[in-house]
Amino acid sequence: MTPAHLLILAAVCVSPLGASSSRPMPLNLYQFKNMIQCTVPSRSWWDFADYGCYCGRGGSGTPVDDLDRCCQVHDHCYNEAEKISGCWPYSKTYSYECSQGTLTCKGGNNACAAAVCDCDRLAAICFAGAPYNNNNYNIDLKARCQ
């Protein structure tokens, strides 16, 4: 092994990516996170990952409030995007722009990317307009989401 190969191997092993114990975030979720941070800079995007009955993985029952309803609509939007041939919203990346809290899905996205971008954009805008109730974070799904 040449010194150059050893240097590259060492860089990968000690880099933040190589040393990370957490799984990498799918690129689409990373983009959605950034959209949320664009429209709601005052809150951590993580606050929306386990909120109500629909924000986070899955979803069932009646949304607990307007913010949870934003997530329910987002879930349905992804379901519609999945009807586009070969479209998997959770891994589909897209081109967009955030400028002073305004999100724009760029032209040039294919049909799937355009649909997913619009789903994420509308959800992030909805989050910005809905009140956040701390009592609806990390709720008992079995008790409240029937």
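Residue 1 is the first one shown; counting continues down the chain.
From the backbone N, Cα and C atoms, a Cβ is placed for every residue, glycine too.
According to Swiss-Prot, the active site annotation covers His74, Asp120. Annotation comment: Swiss-Prot describes Tyr54, Gly56, Gly58, Asp75 as Ca(2+) binding site, evidence class similarity to another entry. Look at Swiss-Prot and you will find Cys38-Cys98, Cys53-Cys145, Cys55-Cys71, Cys70-Cys126, Cys77-Cys119, Cys87-Cys112, Cys105-Cys117 tagged as disulfide bond, backed by similarity to another entry. The signal peptide annotation in Swiss-Prot covers 1-21, and the record cites sequence analysis as its basis.
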For Tyr54 (Ca(2+) binding site), the three-state class that DSSP assigns: coil
Neighbours of Cys126 (disulfide bond) among the recorded positions Tyr54, Gly56, Cys71 (Cα to Cα, within 10 Å): Cys71
Nonlocal residues around Cys87 (disulfide bond), in sequence order (Cβ under 8 Å, 6 or more apart): Ala81, Ala111, Cys112, Ala115, Val116
Top Cα neighbour of Tyr54 (Ca(2+) binding site) in the set of disulfide-bonded residues Cys70, Cys98, Cys119: Cys70
Disulfide-bonded residues: Cys55, Cys126 - member with fewest neighbouring CB atoms within 10 Å: Cys126
Candidate recorded positions Gly56, Gly58, His74, Asp75, pick with smallest Cα gap to Cys117 (disulfide bond): His74
From Cys38, Cys70, Asp75, Cys77, Cys98: recorded positions whose CA lies within 10 A of Cys105 (disulfide bond): Cys98
Env. residues of Ca(2+) site, Cβ within 8 Å of mean position of Tyr54, Gly56, Gly58, Asp75 Cβ: Cys53, Cys55, Arg57, Gly59, Ser60, Cys71, Gln72
DSSP state at Cys105 (disulfide bond), helix/strand/coil: strand
Least surrounded among the disulfide-bonded residues, given as Cys70, Cys105, Cys112, when other CB atoms within 10 Å are counted: Cys112
